Ligand SMILES: [Zn+2]
């Protein structure tokens, strides 16, 4: 991997960088769409490519179950299997294993789980996770970590954090022995729950291994914790992680979360949110989410967003048409998925342009003013951005401040 910082925001911790991997250059900060089963739901690889996206995420757990490693080996890896000639990141499989398997027992050796198909007990070890990811052949691979919910408290959080460090060492050994370090890049995952001391200890240990890892992820968040705690953990990690390595915040997808994370120094994020919410009829726009199931769009003949370069908006597909087919035809999910991925790319592309131009604080203020309008700003966003020198209230002193998670939008999860 080549990683080069091109510009820094003089106010916040945001930076623009260039990450060169075996399948091309990706500009950071970026949002990575999730192609769980080697496909972004509703889109072909060629359609994703046509949207200008060049880094996506595959789920190791799902690919290991189906099509399985035998077929991926025969295909020559996941790039060839899915017809994707750009950059690819795979998770370690640990998170899905714990959240989806009915039986999972964590031991020092690895995670023991039962297959959802035949119930057979299987052990996923750090070495096995590396071997699977080597077969998949992603450009960025993640260490196996011991995952606990961000709502877990007590000694289990520390136990999982220390085990994650020991598993990182085993992943590093297995990866270095594979001879694939020049084409596949291993990322460590910082754990430690919501406890600042545990996070500090984890950071210290993982930074000691900086010469043997290509980048760092911040894990164990986005599990329902208070947002005011969430951003403080992100800031603590981003402040301490090595400046010359990419930083990946896992499971972040709401536009305001992305921009706050970028301001705190995060370079990469992934989430199923934009594609999932599309399938439930919600278009993401710079004026906030638009639920096309609402009757108010029945005779609205504008595109979702005037001037949006996505195929749906530039084809002139009307809101009325989308409303008409939204719960009935897969074409609606397809159209909204393309629009939403372009929206995410525009939010991040706009951030990169603004950082390069030295206008990122103004970009944030304009984005929040348009996105939240008079609904009010989430208090945690105001606090987080103040911590890096941007006062969202400077131009809008009378805007409402919403405590907790922020505006209760219908983001259309059923
Ligand atoms: Zn569009």
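The backbone N, Cα and C atoms fix where each Cβ goes, glycine too.
Note: TrEMBL annotation is automatic and uncurated.
The active site, proton acceptor annotation in TrEMBL covers 91. Sequence annotations record features per position, and here TrEMBL assigns active site, nucleophile to 270. If you look up TrEMBL, you'll see 91, 92, 93, 94, 95, 145, 191, 220 marked as substrate binding site. If you look up TrEMBL, you'll see 308, 310, 313, 339 marked as Zn(2+) binding site. Residues or ranges marked as domain 'tRNA-guanine(15) transglycosylase-like' by TrEMBL: 12-371. According to TrEMBL, the feature region 'RNA binding' maps to 251-257, 275-279.
Ligand 1 lies within reach of 308 from the recorded positions 91, 92, 220, 270, 308, judged by a C-beta closer than 6 angstroms to any of its atoms. For the pair residue 313 (Zn(2+) binding site) and residue 145 (substrate binding site), the C-alpha distance works out to 41 angstrom. Cβ neighbours within 10 Å of residue 313 (Zn(2+) binding site), excluding its own Cβ and spanning all shown chains: 22.
Compared over the binding-site residues 93, 94, 220, the count of CB atoms lying within 10 A of a residue's CB peaks at 220. In the three-state DSSP scheme, residue 94 (substrate binding site) falls into the helix class. When the region 'RNA binding' (251-257) is classified with DSSP, helix, strand and coil residues number 3 helix, 0 strand, 4 coil. Using a 10 Å Cβ-Cβ cutoff, residue 339 (Zn(2+) binding site) registers 26 neighbours.
Neighbours of the residue listed as 'active site, proton acceptor', defined as other CB atoms within 10 A of its CB across all chains, total 29. In three-state terms derived from DSSP, residue 270 (active site, nucleophile) belongs to an extended strand segment. If you draw a 10 Å sphere around the CB of residue 95 (substrate binding site), it holds 21 other CB atoms from the protein chains shown. Between the CA atoms of residue 95 (substrate binding site) and residue 308 (Zn(2+) binding site) there is a gap of 35 Å.
Max Cα-Cα distance over the annotated substrate binders (91, 92, 93, 94, 95, 145, 191, 220) is 16 Å. The separation of residue 191 (substrate binding site) from residue 308 (Zn(2+) binding site), Cα to Cα, is 38 Å. According to DSSP, residue 191 (substrate binding site) sits in a coil region rather than a helix or strand. The most crowded of the recorded positions listed here (145, 270) is 145, judged by how many other CB atoms sit within 10 Å of its own CB.
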